[in-house]
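Asks: Before anything else, here's the structure in question.
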Amino acid sequence: MIRGAPAPMAEPPPVVFCHDSPKRVLVSVIRTTPATPPCSSVGEPEPPPPLVPTSPGFSDFMVYPWRWGENAHNVTLSPGAAGGVVSAGLPVAAELPTLRGAPQSSASVAAVSGGEDEEEASSPDSGHLKDGIRRGRPRADTVRDLINEGEHSSSRIRCNICNRVFPREKSLQAHKRTHTGERPYLCDYPDCGKAFVQSGQLKTHQRLHTGEKPFVCSENGCLSRFTHANRHCPKHPYARLKREEPTDALSKHQSPDNKAAAEWLAKYWEMREQRTPTLKGKLVQKADQEQQDPLEYLQSDEEDDEKSGAQRRLQEQRERLHGALALIELANLTGAPLRQ
């Protein structure tokens, strides 16, 4: 090797990996690439021309077209926007650089940030009902908008302190406790004494004393159980949790430390059995049906499978439709500069 100044080596092209696999590369929806300004005779660069959106490329979907349906529900078509922007709600794209070192535009970042809100709003843990009424605690950045909406709303279920409106009277009463600081639901477990604003919070807390874990991972063969519905299985983070009432062997394994705790647990399980007799009746009826007439029981299972299959096919058709609409929008975007 000859000593001297080392020859400059070209840097290898950057490779973007997603989930440790080069096959699933995500790029931003719209990439604005400013043209390199030529240097003037004086030596001062000319002002850069306005940013022109280039070809959207693969947008925020996976590279393979047949996987577009997996994220088609995150597509938002905006024909009224300037230039027509197609946004996709994938927060991963905000963390990844665009290909070929091009900087991300503010439009793509805004699309990603809006997608995060949409994803959180559509998640099962957000508490949306089938009729469109929102439940649960709202996001902190939306409280001001809710207050502004309440000032102009005609609803009578209104908070007299902050003017927020609510779909039901029970929600308003629970909300008012955030102003007064009242916590009427007290845990009566020995030496606990914690108080809560809502009764559901108390029930969730008491599972720590009873050892209940009614939410299980929906992955086949996984035995992970959880106390609350908003947890995620560490082995299967993308699997949903399903509620499964534990058997006596699983639910009553908690060994009390003293006599008072033992009495509290006995009283708790007695009240629990009194509250849920109908659920046990349904489980016993299903077991009896399986033992008495197994053919009829299997037939009912087949009917359930047909219903779930029909729902799955309908969902696939909707995803294909969203994918087709996204393709049409992308074609319009790429063809607009050519027509001009």
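Along the chain as shown, residues are numbered 1 onward.
Each residue, glycine too, has its Cβ placed from N, Cα and C.
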Asks: Report which of S105, S113, S300 appears in Swiss-Prot with the annotation phosphoserine.
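Replies: Out of S105, S113, S300, Swiss-Prot attaches the phosphoserine annotation to S300.
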Asks: Averaged over the zinc finger (157-179), what pLDDT does the prediction give?
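Replies: Averaged over the zinc finger (157-179), per-residue pLDDT gives 85.
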Asks: In the same chain, who gets a Cβ under 8 Å from the zinc finger (185-209) while lying at least 6 residues past its ends?
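Replies: Non-local partners: 174, 177-178, 227-228, 254, 258, 260-261, 264-265, 268.
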